[in-house]
Amino acid sequence: MGNTSSDSRLENCDAEQWLPSGESPAISAVMFSAGVLGNLIALALLAHRWRGDSGRSAGPGSSISLFHVLVTELVFTDLLGTCLISPVVLASYARNQTLVALAPQRRVCTYFAFSMTFFSLATMLMLFAMALERYLAIGHPYFYQSRIKRRGGLAVLPIVYTASLLFCSLPLLGHRQYAQYCPGTWCFIWLEQTTYLRLYATLLLLLIIAVLVCNFSVILNLIRMHRRGKRSRCGPSLGGSRRRGERVSMAEETDHLILLAIMTITFAICSLPLTIFAYMNETSRKEKWYLQALRFLSINSIIDPWVFAILRPPVLRLMHENVNYNHLPYLTTPKILE
């Protein structure tokens with residue numbers, strides 16, 4: 001009986017043409033503004049870093065790395081997703097019509113659902129590329145230095161977009177793969193398409209696990225680097241420039257890891273509700289829980305750029321100054337993201 005009621009409510013929302021009275025666009029407008037502002041600030045900071053790097057490109061002080069290239073592509077992806085998805089919701093509120101009613105043949109609903117799946121997957125693939133880059137840079141430095149080049153990062157974005165496009169286009173090959181959900185400003189994978197919903201959620205979960213494994217490996221390698229540094233201090237004296245280079249490298253790698261780890265945790269928190277919902281049995285599923293899971297998924301692109309903007313040198317420097325350097329002698333003032 002509970003299933004029949006839930007299915008009936010879903011059908012009513014899916015066919016609804018007008019928004020319920022009293023619906024306000026305030027939350028959607030705030031989320032859109034925060035997403036655009038945060039991503040623009042992050043891109044401005046990255047552009048400033050790129051300009052500074054171009055002025056030093058002739059010398060050894062060049063500091064834009066492949067990691068920064070990937071961060072730029074991630075921020076661009078978040079901004080693009082925010083600008084392509086949120087205005088559709090605001091248009092729905094402005095016309096007091098649901099997504100299904102905005103265009104014939106449910107085109108806006110299909111566009112919204114496809115965009116949600118595409119940009120969520122693309123974001124996770126970008127995070128995986130960043131984690132893999134750190135894993136190779138720290139765990140396999142000789143392979144990284146000889147085979148991985150900064151300009152190779154420019155090829156990551158089209159590869160990620162192509163893979164996301166192919167996977168997220170699968171529902172378009174079938175009939176009735178997307179549905180509209182209450183209050184009529186959301187569309188996503190139809191609940192009865194359990195196979196694809198679980199496949200999508202499983203892919204996100206596997207990517208999260210892969211990123212966590214890479215991050216854990218980086219942490220272990222940083223610990224080994226720190227221990228080797230302590231042993232070298234007890235052995236023959238290193239040259240001053242070499243020792244300073246090791247300290248700066250250790251600090252930069254630590255700061256890269258902090259940024260990547262927080263972004264990964266954010267995405268995990270935002271995507272796990274959808275993964276859990278996808279594997280719930282039919283009798284336990286509630287449409288309101290599905291809507292909450294979709295909202296969690298959508299706020300990741302809002303949080304990411306603010307994480308990047310906040311974790312800049314002044315903040316990280318303050319964090320480092322509060323560390324007892326008698327115990328961590330190789331963690332010095334960071335010099336990244338300036």
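In case you wondered, yes, glycine gets a Cβ from its N, Cα and C as well.
Keep in mind that what you see is a predicted model, and the values were worked out from it rather than measured.
Tertiary proximity for the transmembrane segment (26-46) is limited to same-chain residues at least six positions away from its ends with a CB under 8 Å from its CB atoms, namely 68, 71-72, 75-76, 78-79, 82-83, 86-87, 89-90, 93, 185, 298-299, 301-302, 304-306, 308-309, 312, 337. For 26-46 (among others), the entry in TrEMBL reads transmembrane segment.
Positions annotated as domain 'G-protein coupled receptors family 1 profile' by TrEMBL: 38-308.
The transmembrane segment annotation in TrEMBL covers 66-91 (among others).
According to TrEMBL, the feature transmembrane segment maps to 111-132 (among others).
For 153-173 (among others), the entry in TrEMBL reads transmembrane segment. Same-chain neighbours of the transmembrane segment (153-173): 66, 69-70, 73, 76-77, 110, 113-114, 117-119, 121-122, 125-126, 129, 133, 189, 193, 196, 200, 203, counting only residues six or more beyond its ends whose CB sits under 8 Å from a CB of the stretch.
Per TrEMBL, transmembrane segment is recorded for 199-223 (among others).
Under the heading transmembrane segment, TrEMBL lists 257-280 (among others).
TrEMBL lists 292-311 (among others) with the feature transmembrane segment.
Note: the stretches the transmembrane segment (292-311) and the transmembrane segment (199-223) are not in contact (fewer than 3 CB pairs below 8 A, sequence gap of 6 or more).
Here the listed stretches are 66-91, 111-132, 257-280, and the one with the most C-beta pairs under 8 angstroms to the transmembrane segment (199-223) is 257-280.
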